[in-house]
Amino acid sequence: MALVEGNNGVSGGAVSFSEEQEALVLKSWAIMKKDSANIGLRFFLKIFEVAPSASQMFSFLRNSDVPLEKNPKLKTHAMSVFVMTCEAAAQLRKAGKVTVRDTTLKRLGATHFKYGVGDAHFEVTRFALLETIKEAVPVDMWSPAMKSAWSEAYNQLVAAIKQEMKPAE
């Protein structure tokens, strides 16, 4: 798997992600990784619960009679997005920047640009991600510090994607 790196919008490209934040992300990701397919699907179902019209941004969901929770293409996409997001968060401090496997930030940016993804979509996705993680980890593990760590990691990923949001070359 190729590891693609990108500047995340922080001047100089260096990211500020503390050891404590990294530890919280790694600890929770270690628990969620085993069930990433189901958690990823719950993540996307939560996005569509908050913003039902968001499902129309996905060609494989438009005009589909298959219930969202049973749609095999959504299951595959949801898992890959969730894993990519969590892996990028887990690598953030060590790499010092956003790293993404199996794709490029340029391609992610172009895709999000093409489908008209805007700040409101990223905000809904942040909310859904944090709620999904909160529900996926043991109750006594979730804390304001863990929420903050995941939120910061997500912010860095979004900044890196936004930097590449332009038409595909």
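Each residue's number is its place along the chain shown, starting with 1.
For all residues, glycine too, the Cβ spot is worked out from N, Cα and C.
Values in this document were obtained by computation on a predicted structure and should not be read as measured data.
Swiss-Prot tags one of the stretches 15-27, 119-131, 145-157 as motif 'Homodimerization', and that stretch is 119-131.
Checked against Swiss-Prot, the range among 49-53, 59-63, 64-68, 94-98 recorded as motif 'Homodimerization' is 49-53. When pLDDT values are averaged over the motif 'Homodimerization' (119-131), the model yields 95. Per-site Cβ counts within 10 Å over the recorded positions Lys73, His112, Lys147 peak at His112. Here the candidates are the binding-site residues Ser59, Thr111, His112. The one whose C-alpha lies nearest to that of Lys147 (site 'Homodimerization') is His112. Around Thr111 (heme b binding site), no same-chain residue six or more apart in sequence has its CB under 8 Å from its CB. Considering other CB atoms within 10 Å as the measure, the emptiest surroundings among the binding-site residues His77, Arg107 are those of Arg107.
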